[in-house]
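The active site, proton acceptor annotation in Swiss-Prot covers His358. As annotated by Swiss-Prot, UDP-N-acetyl-alpha-D-glucosamine binding site applies to 7-10, Lys21, Gln73, 78-79, Gly140, Glu154, Asn169, Asn223, Arg328, Lys346, Tyr361, Asn372, with the evidence given as sequence analysis. Annotation source Swiss-Prot lists Mg(2+) binding site at Asp103, Asn223. Taken from Swiss-Prot, the feature acetyl-CoA binding site applies to Ala375, Ala418, Arg435, supported by sequence analysis. As annotated by Swiss-Prot, region 'Pyrophosphorylase' applies to 1-225, with the evidence given as sequence analysis. Residues annotated as region 'Linker' in Swiss-Prot, with sequence analysis given as evidence: 226-246. Residues or ranges marked as region 'N-acetyltransferase' in Swiss-Prot (evidence: sequence analysis): 247-449.
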Amino acid sequence: MLSVAILAAGKGTRMESSLPKVLHKISGKSLLQRVIDSCAELKPDKIFVITGHKSKEVQKSIPKDKKIHVVVQEPQSGTGHAIQVLCSEVKKHEGKLLVLNGDVPLIRPTTLKRLLYLHDSKNADVSLITTKKTNPHGYGRVFLNGDFIERIVEEKDCNELERENPLINAGVYCFNWGNLSEIINTLQSNNNQKEIYLTDTISLLKNSLSLEVEDNGELQGINNRIHLSECEECIQNSIKEKHMLNGVTFINKASCSISEEAEIGKDVIIEANTHIRGNTKINSHCIIGPNTFIENSNVGLQCEISNSTVYDSQVMDHIKIGPYSHIRPNSKISSYSKIGNFVEIKNSQLEEETKVNHLSYIGDSIIGRSTNIGAGTITANFDGQKKYQTKIGKNSSIGANTVFVAPINLGESVTTGAGSVITKDSKDNSLAISRTKQVNIENWKKKKS
């Protein structure tokens, strides 16, 4: 039986934030969620998330899962105290207990599996991950006696000689839970921090082993915004390298960010300052960017999107969008269409070969195929209380500066006169025009200021 305890109770004061440290995000996921995801790959029987500081806020972020249980640590008196609280709330202490911090977002499931294997194969009481750092400042130092761990001394309790030891405690432990539960309540806060250290269990358990791993960044704990940025960069480099090896070109990869869920086809070019978020799929032979943001959207084959934003929408094949277009949620732009500069599309469906080239707002609308929308066209869809739909049939030609006051339904091959305010439905093959007759007054004298 395997149980996991994730320590997520700390204040994270060095983050200088009102947000709990474990809720800060890297590439769209919180630190805590990343640790939960890594642990879930071990297929544990239970995952305990130990919260404390702003516990309710942290609990709201935890996914609903029968295997995940929340334990509240009050007050927060150290890592050893956290496990004391856990042991007091859980009646059966069976099998193995894996303990790790909620601020190590890069920890790999393969590394955790290696720790579990070492623990089982050596029948250890406790096994923990260690690594050597050229600058071990801030970490507890691990002292070995042959193959066994003799003791761990926290940074603030080290003397000058002990501080020279480069072998540090990564804060990832695997315990025989039964043996741990027998000694956990004997831990005391006899240290400079006046906290109960989990590391003090090492000297109380007989068979304590170390799994030394290479310092490759996966054990980096997040203590400040610099660490957060470094981990973000590490994850982003990994994501972008994967895509480049699969045939994607980044013009300036350092200026771009890509979500882990995103799918990008071959021969796609990602220009500078482009950000692809969420469950976005970009098919082959597209040019995306520069200065473009796409989130939770599907982009078809051979599309070009520049200096624009696309949210929760479908962009089909052979479409050009931008510059300075805004495609808002629940929109579908069908193939061979063109969305030009300063155009906003919201909750609308544009059929094939539709053009909206300039300075227009299309909201809550259905636009038929091969329709041309003139510059300055507005679908006035809101009466102050409710939103209404505009329908325009295929092969229509909408004059510049037309305003449609919804709800309204235009047939196929309809033409509207420039500057019209259309308030009534129009049949197929009709001209809709609504504007006052022009009056020219000769010899007009301007008013003097």
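Cβ atoms here come from the backbone N, Cα and C positions, even for glycine.
In the three-state DSSP reading, Lys21 (UDP-N-acetyl-alpha-D-glucosamine binding site) counts as helix. Summed and averaged per residue, pLDDT over the region 'Pyrophosphorylase' (1-225) gives 94. Beyond the ends of the region 'Linker' (226-246), by six or more residues, the same chain brings 15, 24, 26-27, 105-106, 217, 220, 253, 256-260, 262, 264, 266 to within a C-beta distance below 8 angstroms of the stretch.
The distance from the Cα of Tyr361 (UDP-N-acetyl-alpha-D-glucosamine binding site) to the Cα of Asp103 (Mg(2+) binding site) comes to 45 Å. For the recorded positions listed here (Lys21, Arg328, His358, Arg435), the lowest count of other CB atoms within 10 A around the CB belongs to Arg435. Cα to Cα, Asp103 (Mg(2+) binding site) and Gly78 (UDP-N-acetyl-alpha-D-glucosamine binding site) are separated by 15 Å. Note: the Cα of Arg328 (UDP-N-acetyl-alpha-D-glucosamine binding site) and the Cα of the residue listed as 'active site, proton acceptor' are spaced 17 Å from each other. Note on the region 'Linker' (226-246): DSSP counts are 20 helix, 0 strand, 1 coil.
Proximity to His358 (active site, proton acceptor), judged by a C-alpha distance within 10 Å, picks out Ala375 from the binding-site residues Gly78, Asn169, Asn223, Ala375.
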